[in-house]
Each structure stands twice: as structure tokens, then as C-alpha cells.
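A.B. asks: Annotation comment: Swiss-Prot describes CYS23-CYS92 as disulfide bond, evidence class sequence analysis. Residues or ranges marked as region 'Framework-1' in Swiss-Prot: 1-23. Sequence annotations record features per position, and here Swiss-Prot assigns region 'Complementarity-determining-1' to 24-38. Residues or ranges marked as region 'Framework-2' in Swiss-Prot: 39-53. Annotated region 'Complementarity-determining-2' per Swiss-Prot: 54-60, in sequence order. Residues annotated as region 'Framework-3' in Swiss-Prot: 61-92. Marked as region 'Complementarity-determining-3' by Swiss-Prot: 93-101. Annotated region 'Framework-4' per Swiss-Prot: 102-111, in sequence order.
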Amino acid sequence: DIVLTQSPASLAVSLGQRATISCRASESVDNSGISFMNWFQQKPGQPPKLLIYAASNQGSGVPARFSGSGSGTDFSLNIHPMEEDDTAMYFCQQSKEVPWTFGGGTKLEIK
């Protein structure tokens, strides 16, 4: 299975500043020029919401302050400017190989 290592495990960011979350895969999640890396946001009591798919594409209705980048094994999610509503858990997920696997999560809070 592909192992995803997220960092940091927790992060506190001031309103209006930038939050950066990293995800490293144990092997490349690229195939045919596509990076099969996705990012999800989860709030307590709610199902995960897709933010970013294929490394850098925004999900439907996702605000422009969320962006993703990376390829191969190294990826990042950026949130800028940070808003109060962005307090949540964030997870990377690879969909290159079954079983699809998730990172351990990052808890994002307001500083």
C-alpha cells in the first residue's frame, strides 16, 4: 500500500495568514501525467469535503484561497488568507492505487 505522511500534525495560523500542509507519498502517485493526490477538509460531525483533486484542481464550490501543488511524491495544500471557517482537520489521499490511502491528518486552528 502507498503510505502518506502528512506534516505538521497540528498547525495554528493567524487570520489572514498562510497555512501550508505537506504530504509525502512512499512512492510516486503520478500516472500518465496526472498526479492522483487529493485533499479533504473534515469538520466535527460532518463527512469529508473534497477541496483539491489531481494535486491542483479545486473541487466544486471550493473558495480560491485553497490551492494545491506538487507531483510525484511531494505535495502541499495552501490556504491563504486563513479564515475562521477554515478550522478543521485536513487529509491528503492518493487515488492512484487500490487501496486508496489517507494521510494521518493535520488539525488546523486559529492562532
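Each Cβ is built from the backbone N, Cα and C atoms, and glycine gets one as well.
Are these features on the surface or tucked inside, and what touches them?
C.D. replies: For CYS23 (disulfide bond), the count of additional Cβ atoms within 10 Å of its Cβ stands at 28 [all protein chains shown].
Tertiary neighbourhood of the region 'Framework-1' (1-23): same-chain residues 29, 37, 39, 70, 74-84, 86, 90-94, 96-97, 99, 101-111, selected by CB-CB distance under 8 Å and a gap of 6+ residues from either end.
Averaged across the region 'Complementarity-determining-1' (24-38), pLDDT in this predicted model comes to 98.
Sequence-remote contacts of a segment are chain residues at least 6 beyond its ends whose Cβ falls under 8 Å from one of its Cβ atoms, and for the region 'Complementarity-determining-2' (54-60) they are 34-38, 66-71, 75.
Look at the region 'Framework-3' (61-92): DSSP puts its residues at 3 helix, 17 strand, 12 coil.
For the region 'Complementarity-determining-3' (93-101), the number of residues in each DSSP class (helix H, G, I; strand E, B; coil) is 0 helix, 3 strand, 6 coil.
Among residues of the same chain six or more beyond the region 'Framework-4' (102-111), those with a C-beta under 8 A of the stretch's C-beta atoms are 4-15, 17, 19, 21, 23, 79, 82, 84, 86-93.
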A.B. asks: Could you give the residue numbers and ranges of same-chain residues that sit at least 6 residues beyond the region 'Complementarity-determining-1' (24-38) on either side and whose C-beta is under 8 angstroms from one of its C-beta atoms?
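C.D. replies: Those are 2-5, 7, 50, 52-56, 68, 70-75, 92-97, in sequence order.
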A.B. asks: At a C-beta cut-off of under 8 Å, are there same-chain residues at least 6 beyond the region 'Complementarity-determining-3' (93-101) that contact it? List them, or none.
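C.D. replies: Those are 1-4, 25, 29-31, 36-40, in sequence order.
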A.B. asks: Cβ under 8 Å to the region 'Framework-2' (39-53), counting only same-chain residues 6 or more beyond its ends: which ones?
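C.D. replies: Answer is 21, 23, 59, 62, 66-68, 77, 86-93.
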